[in-house]
Amino acid sequence: MGWGSRCCCPGRLDLLCVLALLGGCLLPVCRTRVYTNHWAVKIAGGFPEADRIASKYGFINMGQIGALKDYYHFYHSRTIKRSVLSSRGTHSFISMEPKVEWIQQQVVKKRTKRDYDFSRAQSTYFNDPKWPSMWYMHCSDNTHPCQSDMNIEGAWKRGYTGKNIVVTILDDGIERTHPDLMQNYDALASCDVNGNDLDPMPRYDASNENKHGTRCAGEVAAAANNSHCTVGIAFNAKIGGVRMLDGDVTDMVEAKSVSFNPQHVHIYSASWGPDDDGKTVDGPAPLTRQAFENGVRMGRRGLGSVFVWASGNGGRSKDHCSCDGYTNSIYTISISSTAESGKKPWYLEECSSTLATTYSSGESYDKKIITTDLRQRCTDNHTGTSASAPMAAGIIALALEANPFLTWRDVQHVIVRTSRAGHLNANDWKTNAAGFKVIHLNGIGLYHRKSCISS
């Protein structure tokens, strides 16, 4: 899971930290479990045996859980949909079946999107109207205040634009009909886990609550030169979405999402996680842990799925990303943020699991990230580490186009060898045993595109 043996909650008693890790939360804020009428079951014998057992005990077999062999999603219509008590009916005798190796009633997990709400034209390279304002693409220009260049344009000039690379956004859906996304939309990289169908379109409401995934998708693969809105970092990559945050999030939902079509999808980008409240210790449960491990072992035909994760926005609450088992996993690439000035954003968490940094929002006067938005619109207000993770996913897509034989570990090594401290505004950099400068705020430093060519 990636959690170390040391207490990951700075400033708290060791005993409380141990209890938090064992119980899944700190005692003063421990939440009541909410049980659903969905079960994850491991059954030997294949689909016919799973169907037989489901029918015998009144369940409906909803099929295999993602790419997890012998794990099945069972649904019981006559059980309360949400309850603080686990189910005790006659159907619970299913665990006594010889072919049933493991069963778990699914509980609701709170997952928070990692954006943050806040209530000079230089290039004519593209005709997209927002292109001249995309300051993080023009950092090498002396007229822009950002201090260090990710050199994305340098990759484009050498012909790398993400072609043949597939990125999937694990979120609240993506608006596949958006003019900037429809050209690169990939149905084989998309599904709706919440609605149990193949269409990742977000649910619309008056508040545009489900805009998050569409915003992340545009950063990666918004089409270029279509006279609409913005330009993605990997503007020729294929983009998909898994709608999984707009409903009850359970271990089974997460496992289905991170293991969706792993021989087709190259990169999974996730900008969410447990509450960033400084009190919550949480991480992947058994199915999701297994899905991560299966992904790096067998995904991309054995080269390994690449999982990119936002490090978290709990800085103001003194949250610590080591308490988050997703960003802290050895299987994920944890990405932090820096403002255009190179200063630490106020929301930033710090921990040793952060690998590298990309640009995002900072103070209210700092520029934010420009991307696609719900209802076929654009926004210049995408924020938080939510914006940094898909930015890194786009750069990794450029790297994989240049060298499609990079393994999941190669990708991590490339990031380490090419990220730069540059002008990131921090004074407590340390040199580790491998000779790299590191800092708990920004990892190795600002992720740099040069890796796309030199590896």
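A Cβ is built for glycine as well, from the same backbone N, Cα and C atoms used for every other residue.
TrEMBL: automatically predicted annotations, no manual curation.
Marked as signal peptide by TrEMBL: 1-32. Positions annotated as domain 'Peptidase S8 pro-domain' by TrEMBL: 38-114. Annotation comment: TrEMBL describes 162-425 as domain 'Peptidase S8/S53'. Per TrEMBL, active site, charge relay system is recorded for Asp171, His212, Ser386.
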Per-state residue totals over the domain 'Peptidase S8 pro-domain' (38-114) - DSSP helix, strand, coil: 18 helix, 28 strand, 31 coil
Under 8 Å by Cβ from Asp171 (active site, charge relay system), counting only residues of that chain that are 6 or more apart: Lys113, His212, Gly213, Cys216, Gly241, Val242, Arg243, Met244, Leu245, Ala270, Ser271, Trp272
All-chain count of other Cβ atoms within 10 Å of Ser386 (active site, charge relay system): 30
Number of Cβ atoms other than its own within 10 Å, given for His212 (active site, charge relay system): 25
